[in-house]
Each structure stands twice: as structure tokens, then as C-alpha cells.
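Taken verbatim from TrEMBL:
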- Asp470: active site, 4-aspartylphosphate intermediate (ACT_SITE)
- Asp470, Lys471, Thr472, Glu598, Phe641, Lys664, Arg697, Thr777, Gly778, Asp779, Arg882, Lys888, Asn911, Asp912: ATP binding site (BINDING)
- Asp470, Thr472, Asp908, Asp912: Mg(2+) binding site (BINDING)
- 30-56: compositional bias 'Low complexity' (COMPBIAS)
- 1218-1232: compositional bias 'Basic and acidic residues' (COMPBIAS)
- 94-148: domain 'P-type ATPase N-terminal' (DOMAIN)
- 934-1188: domain 'P-type ATPase C-terminal' (DOMAIN)
- 1-56: region 'Disordered' (REGION)
- 1213-1232: region 'Disordered' (REGION)
- 142-160: transmembrane segment (TRANSMEM)
- 350-373: transmembrane segment (TRANSMEM)
- 400-423: transmembrane segment (TRANSMEM)
- 974-992: transmembrane segment (TRANSMEM)
- 998-1018: transmembrane segment (TRANSMEM)
- 1049-1071: transmembrane segment (TRANSMEM)
- 1083-1103: transmembrane segment (TRANSMEM)
- 1115-1134: transmembrane segment (TRANSMEM)
Amino acid sequence: MSKAGPLPLEGQSIEEQQRGAISGPTVQVSAGGPAANASASPAPETPASPTTAGPAAGAPAFRDVYAHTIKPNQKKNVVIRGLEASFGCVLHGEYASNEIRTAKYTLLTFLPVNLFEQFTRVANLYFLIIAILQFIPGLAPTSWFTTVAPLVIVLTINAIKEIVDDFYRHRSDNEVNSRTVLVLEEGGKETPVTWRDLAVGDIVKVMNDTEIPADMVFLSSSDPGDICYVETANLDGETNLKIKNCFSKTAGKHLADELKEFAEDSVIRCELPNTNLYRFEGAVMKRADPDAAEHQLPLTADNLLLRGCSLRKTDWVVGVVVYTGIESRIMMNRTPSPRKVTQLERHMNILVLTMFILLFVISALMSMGEIIWQKAHVYDDWYLEFNGKYPDFFPSFKGWVIGVVRWVILLNGVIPISLYVTLEVVKVFQCKMIYDQDRAMYHAETDTPFSCRTTNLNEDLGQVQYVLSDKTGTLTQNVMGFVWISADDQVYGKKTCESEGLPNPAHIDPKTPHSIALDPDLIRGLGLNLEILSRAAPTKSNKSMRGHANVIRAAAAGQPAPNPELERFMLNLAVCNTVVPAISDEGHYVYQASSPDEEALVTGAAFLGYRLYSRTTDKVVVEVLRTGEHLEYNVLAVLEFNSDRKRMSIIARCPDGQVRLFCKGADTMIMARVKPTQPRITNVRMHLEEMAQAGYRTLCVAEKVLPGAAYEKWAEQYRAATVALQDREGKVAAASEAIEKDMDLLGATAVEDKLQDGVPEAIEKLLAAGIGVWVLTGDKVETAISIALSCRLFTEEMALVEVRERDFEDAKEESDVASVLASKQEEARMEQSRLEAELGPGRGCMVGLVVEGGALTRLLKPEHASQLCNLCTSCKSVVCCRVSPLQKAMVVKLVQRERKAITLGIGDGANDVSMIQAAHIGCGISGREGRAAVMASDYSFAQFKYVARLVLLHGRAAYKRNAEVVWYAFYKNWIYNMVLMYFGFLTGFSAQPLFTSGLIALFNVIFTSAPTVAFAVLEQDVSIETVLSTPLLYAETMLASRKGFLLEMLWWIVLASFHSLCIFFLPMYSMSTPNKSGNYEDLVMIGTTVYTGMIITVNLKLATRTRYWTWVNHLCIWASIIIWWPFVIGYSGVFQVVPIAGVADMCSVAMVIMAGPRFWLAGVLLSPAMSLLPDITHMTFQRTFAPKPFQVYQEIEWKEELDAEMKKRLGLANPAPPHHDQHHHMEEDTQA
């Protein structure tokens, strides 16, 4: 039972939550030994009602959990289960039920909930109101069928999509809730229980390769080291294994009878449910005296097994359930992704609003005209039979209102009902048929295809103005190679055996990324004979293996002892980490590390003879291969890495009996905590600068001997901090800070992370397209600049302006900060002027900007945002160094807010999630840092180089295609409705429809929909090769504005108005005279002829806009026209077979009008020809006298095709087909 009260457990910031560069599975041990690692264990029987203790007012709330060894009967009866299933809810008791429901609907709730959601869309609500008005007797000029039928089709398509999605949710929920797990009970019983019936306090046994069913405190495992391995891919996307440590007091116990004493004597006190995946504050205490500090044993996140994790490489674990169902961490983190609305959708909303206003104005004017006409006729023309009653009021305000409503109903199609569903269908096709199937964005090495995780942002890809990218794992491979060290005041790693003309060590692959192990000076310094080391080894691998020991031991025989400083350095690397070693089936040593940096450092040390042999909760064993000795380090405490500390430390009792602190971390953090009088500091700083200039990632290494009395005093402070239930993190951080000082600096490491293939070329194309590319990284300034030069973000001729933290040391007031920024802006301007004078004008911006994270802390304040953004956007490229994940997101939001620009964020790790979610478009790289970035992204792929193709090719095409879909939808509906309005001029403004209900209902659904979809999926204005080789073409869509969009729409409306005049008046007046039989064509005959001209014209209009013809386009356009004839003939004959009142007006109409020439001349030939004449004329003059860039390239392509064809016909050459031939286009575009 949870004590009521506030829970001021603020969630960590994103960067605090995510693991950092050297983080990994962590072991938290108490100051006195492994007890501090304790995790609450399943304990014996519980009292009938668990109670809750709580702190005084103002302190954090918590819950007390009592384990039980006899499971209470808490199963729900059939009635409760039925009600839950009907309403899609779960009934909770004192604690949350472990049953989960992620499905949105049930059979009972689907219809009302789905309809409610669909009618929250303004367009659907608009047509619903129209449909309701049409049901009012005497009010509607058209049948309700004309609106209801299309609306039902639109709603049904969306409903089917929701049903399919929810079906899979239901199936997944049922599968999860029906899984079974073993619950331990007295008498040695292991009772299978479904997940839905688990309860807080149950003692659960989970087997290998199965998921954890609820959040539970880890009590014991089959592992002799009392640890287990879990995979957290379902929680944070990371696929590397993490180590968890059991509560020491229950280690080795796996039966309820063995745990009974613990359950009866102990209570698990833990924080209330929250969303934090990486923090857990709890303690195990005595029931008799829970507040006694000496009886409290801490619980941390390392003792908590979270629901959704998978148990790996451990036969079984036992735990006691503390959080269930919706209170578990994974469920509390299930937040809906932010809905991202594209610029095109915003333009559409403005357009819809404009059309609605226009519709009302037209309706008001037409109704006014009807009133004027009625005043002239209703009183004198007796045959009109006006009686002044509803709905035929005499001319009055009431009559005007009725007229407005009638005209709104008649002309409601000016807002196309099919537009939204058409766009949704088009985007799904674009994503699934083109992007996901694009072989050019498939990475064969990792078997990773491109994946669209959302389908509603396609056109925004064509308007990206800024790409903001992470560096490590995004621009680089994140395959770390240990290359240099600074130790004993020297840099090792610059030389290799090959460069010195010496044989390579046989146990190491010469192509290994860990080239530090190939330095002959370092090998000799560690007391190894290089000649012996180069002899054939039993096996080869780029990882340390069993066979290495014999080779290294032989190479050490008869050699002098290793350099003590170098050995000390290597032992520090082998001890100070969170890597978990394992041996594969082939006998290889495999290191499980959450950070590639740590894996590289440990592997490099192993190659050089200092191998991490094993790691448990309280012990690290290092094997010194040259002697075969196993050094045991008893771990006393682990001070974990996080993005604030930027370092990690291990305190251990060493083989010589001394207590030492081993530490490694960012140079800024370590240098501030070492003894300032060490001469080595100067040398290491020089070496660090050299490493950074080479583009390497650096860490400093330090250690410290802790005197017994000082350590014991600190251990008490640390132990009190680890059991604190209020501000535990702050107290642990303070304790860590107290011990991590006055350390001895040992040196530094350099790790290389090479660029991915194609990154320089991709960045070059993006910059050439006018897209700003910013890199946001946590690396040092020098490292980031080196990488920026390598990937062509900066060039040698560019001038760099640096904004460093030290620039603001004297800035006490915000006005001083603004002055510093102004000086940097002036510096950028002067550098640009200097370069233009030296290299000549017309070369664009040639200034790059480097901003340090410490400076950003001050500059991201609201009062400096505009000035900072002006500085950044005035430069060609920007690199932000030493930035936190939160700062990455803030920079993205700064650009969005200040520049109103479309941003694309791209990263590969959990620390990039905030940036990815903040950007308009988020892209995740499937890399070595798990799938957290992919899970948070809109688009995912394996390599950065695919960004250029995604944006420049697919994004540009999507914007152009989808914009045309919108313009075309309003265009064809404007023609349709203007024809009805013109007819009103001839019928006394009476809102009389020209077409029958069937024709009205099917215009958008049948005769004009398929060509639109085909065009939006397949159209290409220029070839793929031309687009990718000419990045400047991207400016056409990138710079497209709302003003330009609406002006283009206005031009379409102008043309549509002319088309409607031709389509209506040509048939109307050509058919107003008697035919050869002396009869006049009636209303339906004229309407059918007009409708025929309208179908042909709007489809031919799309044909004139199509540049790239495939068989699909041909089929859709010509079939949409051709099927009209069998349809209208069949429609006209229905009444003769089945006398249905709704089709009586069309009886025999088709055969009558088709028998005369006027239908064919006026409706089929003349109307489309005269309508499209201005379009063709305008296109011709525009292409000739004011061609757009893409049209110029079209002419170039056509000329190439013509030249190739002429040479082929004349036999002058036998050239290969032009690269943009139709077959090639079709293959590339569909990537079938």
C-alpha cells in the first residue's frame, strides 16, 4: 500500500538517463562489501494486508512491499473479466493489476470511439454536417446519397486501417497476458501462473531466454557470481547485455522455504512508480525496526529487473515483484509520439478555410440572386405555385437563409472529400513501395534496409533547410580502434611493426583496429620479445583468445621486467570498466560492453598481455598473460559514469592489500581532480591536443591509493548516501566528489572512430543544395574540427570562428554576453570579407562556426537566442562540441523557433533521442549503440550517406507530387462546382443540381481518383541521376513558401474557372436547339454530356502534367476515361431492368445522347480541346521564355535521348541506352 503524498521524484534529464561514452553494465557495491549491492529478494509470507510507512510531510512518498511465500487468490471472476473485455479497461486493486491493454478498441467501443476520432478532423465533420442537412425534408437540393456515400467510403477506409492495427494490438496483448511464469510457494512448489495474475509480493522464478514479467527486485540466480545478464532492447533499444546483481542476503536461495525467514523479517521499501529506467531508490530493512539505519541495505537500479527485459546466459533468476502492469517502468514510459504536422498540411488547412469562406460568400450571393428573381416572378407567375410555406418562403430573410443552406449543400464539393484519404493512401504507397524498397538505401553488410516508421512526413523531406547530426556512430562507424596512449610521458601507437620493418605479432590480425598493440616500443616496454611474439599462434582473431597466453608467456621468457608505469596503466584499463568477459563456443574471449570505447580499451589491454579474466559483483580478476598470474581485485564500490560526471571510478582492494581508486574519464574532469603539482600534466596536455588534432576520442586515466582510515570514513558517508530515500543521487554524487580528488595522473588513451563510407560526398551534396549541416557532438573541440575537415563540413580554405567557454569568463552580466556574441558576429563578417577579397566574390559563405557546450549553456537563454541563431545561420557550417543531449534538443528548437525552418535530426544512440524527437523529421541510424534512436525516429537506415538520397531525391519528389495532388483535388472539384453554379444562373438561382445523385457521388471516388494516386507515386520531372548530380534542383522545393503554394493554387483555380465555362456552356448551348426528331434534350441529357466533358478534361489535365509515363499511368488515366462509357450505358439501363426510383431520371439517357453528333462534338471533343488550349499555350510560352531549372534539365535529357536515337538510326555509333530511359526510371523509382 502506498502512502499518500507528493512524489517529488523528478525524472532525470534525457542526458542523465542515457548511458555515456564509457558507461556499461554497472556493479554498485556498498562501502563495506557486496552487501550494498543488495537487491530486495522474494521473501516469505506476507501479512494479510501490506502496510505503508511514510516519511514526514514534505519528504518523498514511498511504498513498502512484503514478499509472500503463499500466493493469495486474487483471480478475477468471469463477470469482471467480461466487463473488462467489453470496455477495454483493467480493474486494479490496492496495486495495479499485471494485466495490460494497449489496444484502443473493443467490439463495444470501436464504433463510437473511432467515429469520434474521425470526426475530430474538420473536413469529416464538415461533410457530416452537410449530410445531416441533406436529411432535412425539403431543404436539400440533392439526395443524401451524394454526400453520405463518399463520406462512408472515406470513413470505412480509415476504419479498416484502424481495425487492422488494433487487431494486432489485441493479439499482442492476449499473447503477453497469457504467458506463464513460475511462482515459488512453500513446500518446494513452483506454480505456473499467467502474467495477468501476478501480484506485488509474489516470488517469481524466471528462466533463461524469457522476458521478465513485472518489475522485480533480484534475489538470486543460477550464476555462481550471483549476477545475471539481461537484454534491454524492449526498453531502450540497446541490444548489448547488461549485468544485474542480486541482493546479497538472499544469494543462492531458490526455494520459497529458503526465503521464508527473509520474507517474515524484512520489508522492501521503494520509491513510488515512475518513468526512470536508470534509477531505482529502495532499501531492505527490518520489519521490527524499519527506520534503524544499521539495518538498512540499499537497493539500486542494478538490483531491479524491469518488465520487458530478456534474461540471457543465466539459467534462472528469482525475484520479488514490486511494480506490476501500468506501474511497471516499461508501461509508464509508453507515451504517444508527438504528432508532427507537415508544412503542406498547414497549407491545406489554410486552403480549406479559404474555400469554406468562399463557399459561404458564393452561397450568400446566389441566394440573394434567388430572392431578387423571386420578387420578380413568384407573385405573378402562378404556375410556380409558391405558397409562402416551408421550404418555399416568399422573398424574405427566412427564404434567404434557406437559399444559403441549399447552395452550401449543393456546392459542398469545393472542399474535396477525398483529399485527405487520397493523401494518406499516396503517402503509404510512397513509403512502402518506393522508400522501403529502395535498393540504393539498403546496407548489405549489416542486412539493414531503409525503414519508414511514419508515413505522414514525406513532403517535409523536400523542405529540409537544416540537418543537425550527431557525430559518433552517425558520421563515424562507431567501430572503435585503440590506437594511441600517453603513458610514462611518451606517446605510444604512432609506430607499427610494419612501419618499422619488423614482423607483426602473430596473435594479432595486422588489420586490427587496435593498432596500439602493434607498436614495437610498447611491446618491448611491457617486457615482451617481438621476435618470439611474431611466431605462429594457435588461432587468430581480433579479440583476445585462450591461445594468446602461451604466445605472450613465451615472448616474456628471459626478458626484463615490464616498465612499472606502463604496467600500472594497463592494469588500470583492465580493472576500471564495466565490461563483462565471456568465452564463446570457439574459445574466443568476447567482451560484453555497452560502450564501444570500453570494449576497445579492454581488448587492446588484452592484446598486450593484461586480460580482463572475469567480473562478478564484488570481484574483478585480471590475468597477466606474461606470467600466467591471476590478480584479484575485491570491488568495494563503483562510482558510475553519467553525462554530468563524465567519468567512472572503481574502488577496490588490490592484491597487495592496498585500497585503490581507479578512475578514467573526460580530460576536463580528470585534470581538475589530479594533483596539480605533477610534472606529467604538461606532457599529457600536449599529447591530448595532438590526439584531438588527429581526430581521436580521448580519455584520461588516473588512480589513487586510499589510506585505511580515510577510506573507512568515506565508506560510511557513501553507505549512508546509497540507502537514502530522499535525494539519493545528489548524496551519492557528493560522496563521489569527495573521494575523486588529488589523484595521480597516469596518462591518456586515444580511440579512433573512422568515418562511414560516403559521408564526405553526402555532406558535400547537402551543402551544395543550400541545406545547412550542423554537427552536435560531445567530443573535444579539436577532435570535432578534425572530423569536420575529414567529412568536408569544413574545408582548408574556410575561416573558423570559435565561441569557447573561456570567451565568457569575464561576462558577468547578460549585456556582456551579448557584447561577446556581437564581437563574434563581427569577426565572422570580417573573415568573410577577407576571404572574398583573397579568393574573389561569388563563392558563397566561407566561414565555419565552432561552439563549445559551456558557451551554449549561457547562449541558449531566451534573451540571446535570436543573436545566437543569427550568428550560426550566417556561417556555412556549424559544429557544437561538448554538448549534452538536452543541449542538442535545445539547438534544434532554437533553429525551428528563430528561423521557422524545417529541421532534420539524425543520430544513432539513446543520447540522441531528444534531438530526434525535437526535430521536424527524426532519422535513426541502426548502429552499435542499440536501437533507441531508431525506435524514436521517423525514418531509419544504416548509414549517414543515405540522408542525401532521402532528402534530395525522395523528399523533393514527394513535395512536388503531393503538392500537385492537393492542387489537382481542388482544381477538379472547382470545375465540378462552378458548373453547378453556372446552371443556377439559368434556373433562377434555385440550387437545382445538374447531375443525378449517382453521378455526384462517384465523381471523386471512381472517375478521378486512380490517376491521382498513380501520378503521386510514380511521377519524375527529371531522372534520378540528374537530381542526385544537381543538388541545386532541391532549392525549388526547399524554398517553397505558403505564399507561393497559394498563388499556384490561385492559378489552378483561374484555369479551372475557364475550363468550367467551356465544359458547361458548349454542351448547354449546342444542345438547346431541337434534334433531328424535333425534340429538345432534357436536363439529365445535358447534365450527362457536361459530366462527360468534365471527366475527359480533368483526366487530360493530369496527363498534361505527367512527364514520366509508365504503364501504370497509362492504365489509370485512360481507363478512368474509358470506363465512363460502359458505366453510363449500364446506369441508363438499370431502371429498365429493376425499377429503382433513384435511377429513373437516367433511364435510356446514354443511348439517346450518344446517337446524336452534339454529344460527341460538344462533350467529348470540343469541351476538352477548348478547355486545355490555354494550359498548353501557357506551358509552351513559360518553358520557352521563362523556364524553371528542372525544365532546363528536362530539355538536356531530351536532347541526350534524341542524340542517342539519331546516332543509332544513322549507324554512327552504338551507344548504351541513355541513363534516364523509361525502363531504368521505373526500376529505380519502384526499386521492385
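Quick reminder: no glycine exception, Cβ is built from N, Cα and C everywhere.
Bear in mind that TrEMBL entries carry predicted annotations, made automatically and left uncurated.
Contact check: the transmembrane segment (1049-1071) against the transmembrane segment (1083-1103) gives at least three Cβ pairs closer than 8 Å, residues 6 or more apart, which meets the contact criterion. The Cβ of Asp908 (Mg(2+) binding site) has 32 other Cβ atoms within 10 Å, all protein chains considered.
Same-chain residues lying 6+ beyond the ends of the transmembrane segment (350-373) with a Cβ under 8 Å from its Cβ atoms: 122-123, 126, 395-396, 399-408, 411-412, 414-415, 966, 970, 981, 984, 988-991, 1042, 1046, 1049. Counting Cβ pairs closer than 8 Å and at least 6 residues apart in sequence, the transmembrane segment (1083-1103) and the transmembrane segment (974-992) reach three or more and so form a contact.
Of all the Cβ atoms in the protein chains shown, 33 others lie within 10 Å of the Cβ of Asp912 (Mg(2+) binding site). The average pLDDT the prediction assigns to the domain 'P-type ATPase C-terminal' (934-1188) is 91. Around Arg697 (ATP binding site), a 10 Å sphere centred on its CB holds 27 further CB atoms from the protein chains shown. Within the chain, the transmembrane segment (1115-1134) has long-range Cβ neighbours (under 8 A, six or more residues past its boundaries) at 998, 1006-1008, 1010-1011, 1013-1014, 1088, 1092, 1095-1096, 1099, 1102-1103, 1106, 1140, 1143, 1146-1151. Residues 142, 145-147, 149-150, 153, 413, 416-418, 422, 425-426, 429-430, 433-434, 961-962, 964-965, 968-969, 972-973, 976, 1087-1088, 1091, 1094-1095, 1098-1099, 1102, 1105-1106, 1108, 1110, 1112-1113, 1115-1117, 1119-1120, 1123-1124, 1127, 1131, 1142-1143, 1146, 1226, 1229-1230 of the same chain lie 6+ residues outside the transmembrane segment (998-1018) yet bring a C-beta within less than 8 angstroms of a C-beta in it. Taking DSSP states H, G and I as helix and E and B as strand, the domain 'P-type ATPase N-terminal' (94-148) has 26 helix, 0 strand, 29 coil. In this view, Gly778 (ATP binding site) is surrounded by 26 other Cβ atoms within 10 Å of its Cβ, with every protein chain counted. Around Asn911 (ATP binding site), a 10 Å sphere centred on its CB holds 26 further CB atoms from the protein chains shown.
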